[in-house]
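Student: Pasting a structure here, questions to come.
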Amino acid sequence: MDKILLWDALRARHRSVAFVDMVLRGCSQVMFQNNPLTGLLFFIAIAVGAYGEGLPQVVIGSLLGTVVATLSAAWLVNERETLRAGLYGYNGCLVGTALPTFLQATPFLWVVVIFSGVISVIVTVGLKKLLRTWDVSVLTAPFVLTTWIVLLASYPFGQLHHIGLPAPAMPSNYELADSYPGMLPIITSALHGASQVFLSSNAPEGLLVMLGLAVSSLRAMLLALMAALLAVAAALLIGAAPQPVSSGLYVFSAVLTALALGSVYKPSGWHVLGYIFIGVIFTVLVQGAFNTLLVPLGIPPLTMPFVVTCWLFLIANPNVIPTTQS
Amino acid sequence: MDKILLWDALRARHRSVAFVDMVLRGCSQVMFQNNPLTGLLFFIAIAVGAYGEGLPQVVIGSLLGTVVATLSAAWLVNERETLRAGLYGYNGCLVGTALPTFLQATPFLWVVVIFSGVISVIVTVGLKKLLRTWDVSVLTAPFVLTTWIVLLASYPFGQLHHIGLPAPAMPSNYELADSYPGMLPIITSALHGASQVFLSSNAPEGLLVMLGLAVSSLRAMLLALMAALLAVAAALLIGAAPQPVSSGLYVFSAVLTALALGSVYKPSGWHVLGYIFIGVIFTVLVQGAFNTLLVPLGIPPLTMPFVVTCWLFLIANPNVIPTTQS
Amino acid sequence: MDKILLWDALRARHRSVAFVDMVLRGCSQVMFQNNPLTGLLFFIAIAVGAYGEGLPQVVIGSLLGTVVATLSAAWLVNERETLRAGLYGYNGCLVGTALPTFLQATPFLWVVVIFSGVISVIVTVGLKKLLRTWDVSVLTAPFVLTTWIVLLASYPFGQLHHIGLPAPAMPSNYELADSYPGMLPIITSALHGASQVFLSSNAPEGLLVMLGLAVSSLRAMLLALMAALLAVAAALLIGAAPQPVSSGLYVFSAVLTALALGSVYKPSGWHVLGYIFIGVIFTVLVQGAFNTLLVPLGIPPLTMPFVVTCWLFLIANPNVIPTTQS
């Protein structure tokens, strides 16, 4: 398309455009796309969600995190192609989105966002070498590990005031209410789940996320939508509490699982779809397990259920083709 | 022996017999044996324990888990010999035994058992590739990880009612009572420990387990017996509470450690026996550590103390022969 | 120097002197030095701290732990050079220092110290093989893992009375006091941090530790001093509670990080100093995170924040030279 050619010409000529392109692609890689327009739509989605929750600092954080991570990677790493594709930016983007969501907006917060953006790159490079042995990607593990460290440290450190964290508590049983609150709005829950990838619960944001996926790959958008609906259904079937289901908290990791597995197993057949189906449902189960695991520590699972599930499924079956497996 | 030849002829001719053979071997592999008669005796042992505790669903679960895991492996994996030896079945057997032990017998439970049986195979394949780098076996880690995930998820999910789980609590000190309750019945505790491999505390079941070992390998049975007695003695010496000791809770992992190390280090000498001796005692210590670690989460250690100890001891010393070590 | 030549001649002739040399080097390796005089000064430092806290058993434990670990390694491992350099002794030294610090001095304690000394060697050998894939050292992970297991097991086991462990509790927020208690004695906090490497808070001990470093390498001593001051400053800036800061609890891991990274990245340039700077500050953050993580379990982080940070930084960047990185 002409617009794409124009953009390519611009970024070849101007270093500033090339940098903006890298930052936008960094944001798009949060959902495994390599497309600056997708990144732009995701940033707009974050802004919509941030203003909806009255936390405008979140959108500044997401931009700052992506920029810092991209610059640190340019300093620390010598892989131009990977850098250009935004693959060192997306974890910084998520760190920059998460920290202002959970921590109070003091001036010190921005120091922490910048420091954590740098750390996210070091974690990315370290994990990459660690995982090279089994030929799997780091996914969003650098985001989760970096953010967990800061959130855990916010308990003993007085300058890191958290605002949105659940209070540490012992795991408790959820008992199904006798009167189940009618039908949940399944479509809304699915859209909330799409927006929860960027840590807020906002249907218009979810729509923008889906639109961002669609401009990059219609197949990716359809996979994400199917996975979101399936995750809502699975969570209801297994008896999750209605409130977290409708906030999309059982959905976002499942959506990422479908996108990650779907982007690795390109030629979809029944085998592949069956494997992704099991992966999506397993992600919902793992999400429940992580809730219990982390409730005494007062931190959220973030996207770890997705990371754990995909590492397992990808290492177990790089091709999902039984006949060629050794 | 004639009976063995007859069985081999039958399973070569009939696919159904071949399948039953695989399922029985799957059960026998829980204790590192590759013997259908041992598997049959173990299933009978499980049935004795299950009826003893008033949980007949446990024996159905153990059969169903082994069958599902064996079938899933036939779908996902292309290793006929490993499959025939039951090496993809034993984790499913244990998952199918554990879930009905800890969760209420609703119709939904069986959906979960089938799903978890499939997952146990994916975890087995994934861990196998992960551990290939250090040339150690997955042991019962797929069982423990799959079951932990379901049990942790039983807290937030209302359709997974747990019945036999300890309530989450803070770790507390056990103080030795002034009047220690005389001699504990050491032999009974050891037999309870053998039955705890299948998650119940039942002396006749323990005897059947020992018998199952003996028909496959007298050496394995003697190793298991020695390890069980040593573990009871070590637990008492280090001041464990009498109740868990007599229930066999400090024994089952130690028995598995002795069997696993003993089956790898075939030519037993003093070096090997000394190493296994340290391994059995260390397993008891690790069992105590896991109790503290998991008490805030309200889930049991299962056989993780065994897995951790054996991975460590096997990676550290594949041969237990200092002179040839690099 | 003549004294060094004399010592070398002595240990070449007498096996007992050679053994003492190995034990002293083992103690010096706690801080990455290979120098018997440093080891002697460290043992004196431990003694000063131990008598200061009224726990003379600590100095016996540290000696016993180093001796047991060195002897076990001679039995289990076939690497003469590594053994002579004290690289199988330092984890035993730390285990022997930590256990009498946290557990009551019963006769049974010494059995546990000896057993744990042996285990520390098995963990060292196991971890070494595990980490060979990524070409990083075990650091003090064997000490931490072995000690954690014993301390966790001290809850259910009545013969292991702990005395100095924090009671298990839920994580709580530290709120900055309105009236911050003036200037903390920064130099004293830094020296306390140096002594915390051997688990006590004692300024003269810290001075002896610094002296021990200086006789082996002036560069190492300066790195340690800079890191200690930086860690105190970082902890105050991020709002840590004054008491743990002045006890040196945010310092010791940071000092070890600087020494470990500084000993790997020999030719210091701005790149290297910048990377170590980030590493030291990150260690303080990770220390805060581990405090929250372990508070429900009632065990201390020991040097795990150092281990985690250095593994990450070393795997991510073996050379800290971006241009040669792949």
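Cβ from N, Cα, C; glycine included.
So TrEMBL has the following annotated:
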- C:T303: site 'Important for channel permeability' (SITE)
- C:35-52: transmembrane segment (TRANSMEM)
- C:58-78: transmembrane segment (TRANSMEM)
- C:108-127: transmembrane segment (TRANSMEM)
- C:139-160: transmembrane segment (TRANSMEM)
- C:220-241: transmembrane segment (TRANSMEM)
- C:247-265: transmembrane segment (TRANSMEM)
- C:272-290: transmembrane segment (TRANSMEM)
- C:302-321: transmembrane segment (TRANSMEM)
Student: Given a separation of at least six residues and a C-beta threshold under 8 Å, show me what packs close to C:T303 (site 'Important for channel permeability') in the same chain.
Tutor: C:L94, C:L139, C:T140, C:F143, C:V144, C:V197, C:F252, C:S253, C:L256
Student: Among C:35-52, C:108-127, C:220-241, C:247-265, C:272-290, which stretch has the highest count of C-beta pairs below 8 Å with the transmembrane segment (C:139-160)?
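Tutor: By the under-8 Å Cβ criterion, the transmembrane segment (C:139-160) pairs most with C:108-127.
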Student: Using a Cβ cut-off of under 8 Å, list the residues of the same chain at least 6 residues beyond the transmembrane segment (C:35-52) that approach it.
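Tutor: 7, 20-21, 23-28, 58-59, 62-63, 86, 97, 195, 198, 200, 202, 204-206, 208-209, 211-213, 215-216.
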Student: To the transmembrane segment (C:302-321), which of C:58-78, C:247-265, C:272-290 is linked by the most Cβ pairs under 8 Å?
Tutor: C:247-265
Student: Apart from its near flanks, which chain residues at least 6 from the ends of the transmembrane segment (C:247-265) lie with a Cβ under 8 angstroms of it?
Tutor: 31-32, 137, 139-140, 189-197, 201, 206, 213, 219-220, 223-224, 226-228, 230-232, 234-235, 240, 272, 275-276, 279-280, 283-284, 286-288, 301, 303-306, 309-310, 313-314, 318-320
Student: Report, as numbers and ranges, which residues of the same chain sit near the transmembrane segment (C:58-78): CB under 8 Å and 6 or more residues beyond its ends.
Tutor: 19, 22-23, 26-27, 43, 46-47, 49-51, 86, 88-97, 99-101, 110, 113-114, 116-118, 120-122, 124-125, 198-200
Student: So if I exclude everything within five residues of the ends of the transmembrane segment (C:272-290), which remaining residues of that chain have a CB under 8 angstroms from its CBs? That is, six or more out.
Tutor: 223, 227, 230-231, 234-235, 238, 240, 249-250, 253-254, 257-258, 261-262, 265, 301, 304-306, 308-310, 313, 317, 320
